[in-house]
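What follows is a single structure, written as structure tokens, with notes after it.
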Amino acid sequence: MGIKKFKPTTNGRRNMTGSDFAEITKTKPEKSLLVSKSKTAGRNAYGRITVRHRGGGHKRKYRLIDFKRVKDNVPATVKAIEYDPNRSANIALLVYADGVKSYILAPKGLKVGQVVESGKDVDIKVGNTLPLANIPVGTVIHNIELKPGKGGQLVRSAGTSAQLLGKEGKYAIIRLTSGEVRMILVTCRATIGAVGNEQHELIKVGKAGRARWAGKRPQSRGSVMNPNDHPHGGGEGKAPVGRPSPMSPWGKKTTGLKTRSKKARSNKFIVRSRNKK
């Protein structure tokens with residue numbers, strides 16, 4: 001994927017960049033793999049805002065992605081690379097030898113016409129999915145399961161990858177994109193290669209309207225709110241925070257406060273924290 005720069009014909013276009021979509025080979029999605037997706041605008045079942053600054057945006061259909069890859073030893077041909085509005089990565093349309101179609105995350109380097117497989121004894125090549133027990137140490141992987149059979153949950157964003165560092169008994173040791181090193185059961189599956197569309201992080205939105213197309217609403221600073229809306233609010237003019245530390249809208253410290261539970265059951269699987277230098 002390349003980055004397309006726009007001429008400064010307006011102020012909004014001046015610093016705007018976007019994808020050139022050079023990798024995309026098909027513009028209309030596969031109808032059988034689409035489901036409707038209703039908007040929540042950041043509200044829960046009671047209609048109360050649980051996530052601020054969300055609402056509006058372009059209407060989308062959800063693409064059913066196969067994160068499990070349990071159709072073993074049936075070769076699938078890559079028919080197209082498509083855009084997915086619901087994620088940063090592109091997706092690949094697979095057609096299996098028995099005629100079944102499915103979407104997967106498009107790894108870096110995957111081309112139309114390539115054949116991919118899943119199973120214990122498949123080749124170590126980009127797009128193939130295997131249990132961690134069958135993947136050589138040092139291999140770059142993505143779409144990693146946390147529980148066997150649940151489907152990939154880790155390393156799914158554009159340009160991300162993890163590396164298999166070693167194996168100890170029934171656990172594999174993996175270094176994630178964040179730098180965290182953790183143990184995962186060797187019976188969990190992962191896909192070979194890094195996620196494609198790696199230049200996604202270089203895109204500059206350029207104008208407020210483009211953020212609105214994505215369903216993101218404006219964000220106000222706490223210091224310009226009233227005291228009943230935010231701990232930083234109130235005062236005459238540009239008043240200071242007036243507290244020992246900056247606060248979240250709910251009165252929690254925002255600088256250095258640990259949010260992870262010390263009793264989290266998964267702590268024992270973390271070999272090295274992502275926060276350690």
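Residue numbering: from 1, along the chain as shown.
The backbone N, Cα and C atoms fix where each Cβ goes, and this holds for glycine too.
Small disclaimer: the values here were computed from a predicted structure and weren't measured.
Per Swiss-Prot, these features apply:
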type	residues	note
COMPBIAS	210-219	compositional bias 'Basic residues'
REGION	210-277	region 'Disordered'
COMPBIAS	259-277	compositional bias 'Basic residues'
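Sorting each residue of the compositional bias 'Basic residues' (210-219) by its DSSP state yields 4 helix, 1 strand, 5 coil. Broken down with DSSP, the compositional bias 'Basic residues' (259-277) shows 5 helix, 3 strand, 11 coil.
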